[in-house]
């Protein structure tokens, strides 16, 4: 089994990328430089191939301890098969990083330069400075927004050995053979579960953007304490509200500050907010229309993307804004590109303006979030989409989608049964955009999962 190592200076996002690959939090992530001191290792699966992923200690020369970590890390690199060199796209590349990257180039191992924290167009422009590394393979990513990760995975996938067991192939063949034309077999819970449960809606945002005022307006009573003092809400506040015979459970989460200011009880509250979002269906991402949008707003919105939630962007304090709505909407679309599927509504929580529209939006998005798309319609769509825009070849070989079926709800998860499971991220984006034009998917993410047909050889 091949070994893939993540390497770079402290605080460039190695541990966050490690956690993103693994799918759960194993490595501790922090803004404190050098949080990872020992290497973390685990077996992961990229599409249908397995590898050992290694999160190295940060390379820094600021202390004796880090000198020991550096020596250990360099030893790990020599024993690995694939190297991901991570840099921070928010800062100009350093000479030390360039020297280190060039030294790894001499190892004759697959080496990629991964530029993290590319969260905006300004960051993309700055990333051109990294051309100086002379990297053959270079990727711009945003771990916090889950942007560009699939492209890195596809690059790694091509370098891994085929190690699919006979049992794995047989199990997937059994799974496909049990799907009827309507795609009846789905993961864990069927649609009746979602019809009968309350819709859980998390209210998230920076401190003092009006989350508690919004909760009070939505449930029509003073359930949460409202104050001009930032960070009044520490404990989550739950309140049920029935609309059109459907129970909606609103949760007002603790306001989130910049990481450097989080300590003690607020750190506990932040952790609890993330655990709450794991259980939510929809997030109301609250922005303050009277202030410029910040990087912290982006990071908080990234939580909604991280937990694959339905999203409504709520532009609060609209009565205090003098800007044109269309212009503000464009700013939001540019800044929160990773939530392009989320509808935007302007409200005044304290004044109660346009609050009533949020209930209908929640019900609409929840229906989209939990819907089942007929397999026959999915396959008709795939046939038309691939005919209009053929799938790019992989290493000169044709890539085909044999069959598509929905295998999960909340959000919709679509299995694409293929001869080769390397689906470029840009083509995946194309399919998702086309799906949004053909199906009712407003406000919900869509997850496409390439799967290899058991016991089939790659077709030419």
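Backbone N, Cα and C atoms are what each Cβ position is placed from, and that goes for glycine too.
Taken from Swiss-Prot, the feature domain 'EngA-type G 1' applies to 2-164. Sequence annotations record features per position, and here Swiss-Prot assigns GTP 1 binding site to 8-15, 55-59, 116-119. As annotated by Swiss-Prot, domain 'EngA-type G 2' applies to 199-370. Marked as GTP 2 binding site by Swiss-Prot: 205-212, 252-256, 316-319. Per Swiss-Prot, the feature domain 'KH-like' maps to 371-454; the stated evidence is sequence analysis.
Structural mapping of features recorded in Swiss-Prot.
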residue : record             : DSSP (3 states)
8       : GTP 1 binding site : coil
14      : GTP 1 binding site : helix
56      : GTP 1 binding site : coil
118     : GTP 1 binding site : coil
205     : GTP 2 binding site : coil
211     : GTP 2 binding site : helix
253     : GTP 2 binding site : coil
318     : GTP 2 binding site : helix
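Listed in sequence order, 89, 124, 127, 140, 141, 142, 147, 148 are the same-chain residues six or more apart from residue 118 (GTP 1 binding site) with CB atoms under 8 A from its CB.
The most crowded of the binding-site residues listed here (14, 211) is 14, judged by how many other CB atoms sit within 10 Å of its own CB. Checked against residue 56 (GTP 1 binding site), the binding-site residues 208, 211, 253, 318 differ in C-alpha distance, with 253 being the nearest. When DSSP labels each residue, the domain 'KH-like' (371-454) comes out as 28 helix, 22 strand, 34 coil, counted as helix, strand and coil in that order.
Rounded to a whole number, the distance between the Cα atoms of residue 8 (GTP 1 binding site) and residue 205 (GTP 2 binding site) is 31 Å. Distance noted between the C-alpha atoms of residue 208 (GTP 2 binding site) and residue 11 (GTP 1 binding site) is 28 Å. Every protein chain considered, the tally of other Cβ atoms within 10 Å of the Cβ of residue 318 (GTP 2 binding site) stands at 21. Separating the Cα atoms of residue 318 (GTP 2 binding site) and residue 11 (GTP 1 binding site) is a whole-number distance of 37 Å.
A sphere of 10 angstroms centred on the C-beta of residue 205 (GTP 2 binding site) encloses 25 other C-beta atoms. Taking the Cβ of residue 208 (GTP 2 binding site) as centre and 10 Å as the limit, one finds 18 other Cβ atoms among all the protein chains shown. When pLDDT values are averaged over the domain 'EngA-type G 2' (199-370), the model yields 83. Within 10 Å of the C-beta atom of residue 253 (GTP 2 binding site) sit 27 other C-beta atoms, taking all shown protein chains into account.
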